[in-house]
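Trainee: The structure under discussion is supplied below as structure tokens; questions concerning it will follow.
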């Protein structure tokens with residue numbers, strides 16, 4: 001989030017066709033829950049377009065890029081690295097340490113699809129399990145970000161949005177961003 | 001979770017073919033993060049089988065059922081209902097009230113896919129947004145459950161597991177459940 005060291009999410013192991021929607025959900029979750037950047041390894045440009053389209057409509061800043069060399073990206077990363085995996089240490093035991101590190105340096109979160117190479121486990125400063133149960137990389141990322149930011153991400157403000165959802169007890173209300181800004185000024 | 005009023009997750013709007021993996025991830029997330037039961041509206045039995053297979057291997061209790069009459073299920077639900085939607089009230093504002101209600105009665109969480117009918121918004125006691133941004137029903141469910149249970153779900157114990165993942169700082173370790181129980185007794 002702005003005013004803090006960067007949090008980037010590296011999505012590894014995307015399998016074209018099979019993983020399109022999961023990769024999109026990883027990207028949208030990263031954006032909605034406070035990450036600054038999404039890096040897609042070997043994913044088609046169509047995933048990048050989908051996430052950028054949401055940012056165009058609902059605001060940012062949020063960057064999306066595609067890398068063909070994820071191992072190089074990991075090797076060159078300057079900051080700490082947390083790899084989310086059901087085989088890792090319990091999030092509730094390591095989150096404090098990761099949060100403390102993120103106060104002073106960028107954090108890369110690595111989120112795999114099916115198989116992740118052993119080099120990633122070695123390169124990571126922390127291998128972290130959001131439970132040691134099989135579930136969903138989208139769920140793991142979401143819980144991790146909410147804990148990392150301690151809920152601050154839910155109050156994030158968005159820039160250059162085209163439209164804004166206004167929370168309702170019932171039903172749906174979406175207004176142009178200019179109108180939302182006027183209401184906020186009242 | 002055991003010893004508490006039930007939390008069930010109703011997955012609405014499953015579209016065969018398109019939503020298979022998302023529905024599986026909703027189900028596995030519900031199980032891993034402390035819900036007691038998954039109810040699938042109009043989903044094929046194959047989704048039920050996938051989630052039950054994980055429960056057989058990694059433990060329970062966790063129930064999965066399919067309903068062909070989700071509206072009837074909603075109408076007949078005895079307890080409170082929270083519907084997760086990006087149009088709803090901010091989770092950080094309503095979670096305390098929902099948590100308090102759940103101390104004395106069952107809670108049904110409704111998670112949609114694409115379109116959810118207006119009747120669901122009306123029937124719900126709370127329409128809740130985990131942010132008012134478009135992201136993922138899997139991410140929304142995960143953050144909601146982690147907040148509802150205030151992290152207790154991460155320490156849940158599993159019964160009748162066939163195998164257990166033992167958390168590691170690096171690499172993977174999966175042991176037969178009997179062996180894990182022996183280690184725990186030492």
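Each Cβ is built from the backbone N, Cα and C atoms, and glycine gets one as well.
Automated prediction, rather than curation, is the source of TrEMBL annotations.
Here TrEMBL flags A:84, A:112, A:113, A:114, A:115, A:116 as S-adenosyl-L-methionine binding site. The region 'Disordered' annotation in TrEMBL covers A:160-186.
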Trainee: Check each residue in the chain of residue A:116 (S-adenosyl-L-methionine binding site) that is at least six apart in sequence and keep those whose C-beta is under 8 Å from its C-beta; list them in sequence order.
Mentor: A:12, A:13, A:83, A:85, A:110
Trainee: Count up the helix, strand and coil residues in the region 'Disordered' (A:160-186) according to DSSP, in that order.
Mentor: 9 helix, 6 strand, 12 coil
Trainee: Excluding A:84, A:112, A:113, A:114, A:115, A:116, which residues of the same chain place their Cβ within 8 Å of the centroid of the Cβ atoms of the recorded S-adenosyl-L-methionine site?
Mentor: A:12, A:13, A:85, A:111, A:137
Trainee: Counting other CB atoms within 10 A of each CB, which of the binding-site residues A:84, A:113 comes out lowest?
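Mentor: Taking A:84, A:113 as the binding-site residues, the minimal 10 Å Cβ count falls on A:113.
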Trainee: Among all the protein chains here, how many other CB atoms are within 10 A of the CB of residue A:112 (S-adenosyl-L-methionine binding site)?
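Mentor: For residue A:112 (S-adenosyl-L-methionine binding site), the 10 Å Cβ neighbour count is 19.
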Trainee: Provide the number of Cβ atoms within 10 Å of the Cβ of residue A:114 (S-adenosyl-L-methionine binding site), excluding the reference atom itself.
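Mentor: A 10 Å sphere around the Cβ of residue A:114 (S-adenosyl-L-methionine binding site) contains 11 other Cβ atoms.
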Trainee: Hey, what's the widest CA-to-CA gap across A:84, A:112, A:113, A:114, A:115, A:116, the S-adenosyl-L-methionine contacts in the record, in Å?
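Mentor: Output for S-adenosyl-L-methionine binders A:84, A:112, A:113, A:114, A:115, A:116: max Cα distance 12 Å.
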Trainee: Count the other Cβ atoms sitting within 10 Å of the Cβ of residue A:115 (S-adenosyl-L-methionine binding site), across every protein chain shown.
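Mentor: Summing over all protein chains shown, residue A:115 (S-adenosyl-L-methionine binding site) has 8 other Cβ atoms within 10 Å.
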Trainee: Under a three-state reduction of DSSP output, how is residue A:114 (S-adenosyl-L-methionine binding site) classified: helix, strand, or coil?
Mentor: coil
Trainee: Under a three-state reduction of DSSP output, how is residue A:84 (S-adenosyl-L-methionine binding site) classified: helix, strand, or coil?
Mentor: strand
